[in-house]
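Q: Handing you a structure now.
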Amino acid sequence: MSAFVGKYADELIKTAKYIATPGKGILAADESTGTIGKRFASINVENIESNRQALRELLFTSPGTFPCLSGVILFEETLYQKTTDGKPFVELLMENGVIPGIKVDKGVVDLAGTNGETTTQGLDSLGARCQEYYKAGARFAKWRAVLKIGATEPSELSIQENAKGLARYAIICQENGLVPIVEPEVLTDGSHDIKKCAAVTETVLAAVYKALNDHHVLLEGTLLKPNMVTPGSDSPKVAPEVIAEYTVTALRRTVPPAVPGIVFLSGGQSEEEATLNLNAMNKLDVLKPWTLTFSFGRALQQSTLKAWAGKTENVAKAQATFLTRCKGNSDATLGKYTGGASGDSAASESLYEEGYKY
């Protein structure tokens with residue numbers, strides 16, 4: 001089997017490799033309007049376009065954060081927004097060495113014939129949308145598939161359906177110049193132990209890479225965004241070193257070394273937990289052929305959001321909080337995080353939401 005080599009092949013490989021630079025990671029700022037509304041409600045801020053723009057501007061203009069970031073995932077609205085000075089966000093990011101990306105899926109819907117499992121929408125007109133996003137400056141994309149652990153879940157139907165959806169998305173992106181971030185998220189919901197999560201994660205990833213190969217996806221021009229292997233949300237917590245061992249083992253068994261980087265989702269962990277777990281993985285003394293870094297949304301933004309609280313006078317304080325988290329995660333990609341990236345209790349607060357929708 002030979003991988004697809006289109007006119008963008010060299011660019012895709014270069015972009016994916018850059019995003020996976022050790023010491024850098026991705027800020028996921030692609031929350032849908034509905035999801036950002038929930039975040040705003042928690043700080044009593046109205047969910048209107050000007051407030052969403054203000055938050056994104058706060059994040060994208062934070063002094064000192066650019067060396068810690070290689071990419072930012074944007075929601076479609078944000079791709080076309082500007083700073084208050086009139087500079088497009090995309091331009092601002094690119095000038096500072098941060099690659100703009102775009103969320104392209106349209107959310108999940110129930111998968112008929114299953115026990116509440118889901119499939120992801122958005123393949124219709126995806127090629128045309130990718131062309132538009134490329135013209136607007138985006139160079140990578142994200143698509144989230146969601147799987148759950150239960151007595152009989154994930155079902156084979158759900159695993160295959162979601163793997164094929166991710167593969168079709170990935171090849172369409174590559175044909176149109178965007179590096180696909182492949183995100184098969186195994187939710188933490190449930191009372192299962194870490195061994196169960198490891199087994200399911202391995203099964204899911206094996207199916208995903210089989211589908212990517214079947215669709216001739218150029219693996220060197222992709223990134224993987226998986227869940228960390230953890231016990232279920234209703235089970236006792238385990239140490240970061242245990243999570244690191246199970247997660248890296250699952251990845252070593254399933255993810256080809258052609259993939260340049262693995263950018264973890266935080267999956268409702270607290271900011272501090274997510275950083276400590278990433279750090280433990282990078283400290284693990286085993287062969288890891290890919291960069292292990294972050295693509296965090298809630299785990300980069302939560303304490304920043306609280307510090308800001310929608311008030312202009314709090315912007316500098318909120319940006320300092322954001323810088324602290326960015327630096328902590330940058331250190332974690334190198335296995336050099338020493339803990340306590342924020343003395344703020346918000347950093348240790350669980351961000352778990354059952355059946356999380358983006």
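Just so it is clear, glycine is given a Cβ too, placed from its N, Cα and C backbone atoms.
Feature table excerpt (Swiss-Prot):
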- E183: active site, proton acceptor (ACT_SITE)
- K225: active site, schiff-base intermediate with dihydroxyacetone-P (ACT_SITE)
- R39, S266, G267, G268, R298: substrate binding site (BINDING)
- S2: N-acetylserine (MOD_RES)
- C68: S-glutathionyl cysteine (MOD_RES)
- C173: S-glutathionyl cysteine (MOD_RES)
- C173: S-nitrosocysteine (MOD_RES)
- S350: phosphoserine (MOD_RES)
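I'm curious about the neighbourhood of these features; can you describe it?
A: Neighbours of E183 (active site, proton acceptor), defined as other CB atoms within 10 A of its CB across all chains, total 26.
A simple way to gauge crowding: the CB of K225 (active site, schiff-base intermediate with dihydroxyacetone-P) has 23 other CB atoms within 10 angstroms, across all the protein chains here. Under DSSP, K225 (active site, schiff-base intermediate with dihydroxyacetone-P) is assigned to coil, being neither helix nor strand in the three-state scheme.
S266 (substrate binding site) is surrounded by 25 other CB atoms, counting those within 10 A of its CB over all protein chains shown. For the recorded site, S266 (substrate binding site), the DSSP three-state label reads coil.
All protein chains shown were included, and the count of other CB atoms within 10 Å of the CB of S2 (N-acetylserine) stands at 6. According to its DSSP assignment, S2 (N-acetylserine) is coil.
Around C68 (S-glutathionyl cysteine), taking its Cβ as the centre, 24 other Cβ atoms fall within 10 Å, counting all chains.
Residues near C173 (S-glutathionyl cysteine) in space but far in sequence (CB under 8 A, at least 6 apart, same chain), listed by position: V104, L126, C130, A141, V179, P180.
Taken residue by residue with DSSP, C173 (S-glutathionyl cysteine) is part of a helix.
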Q: Let me know how many other Cβ atoms fall within 10 Å of the Cβ of G267 (substrate binding site).
A: 22
Q: Could you tell me the maximum Cα-Cα distance in Å between the residues recorded as binding substrate, namely R39, S266, G267, G268, R298, rounded to a whole number?
A: 16
Q: How many Å separate the Cα atoms of C68 (S-glutathionyl cysteine) and R298 (substrate binding site)?
A: 17
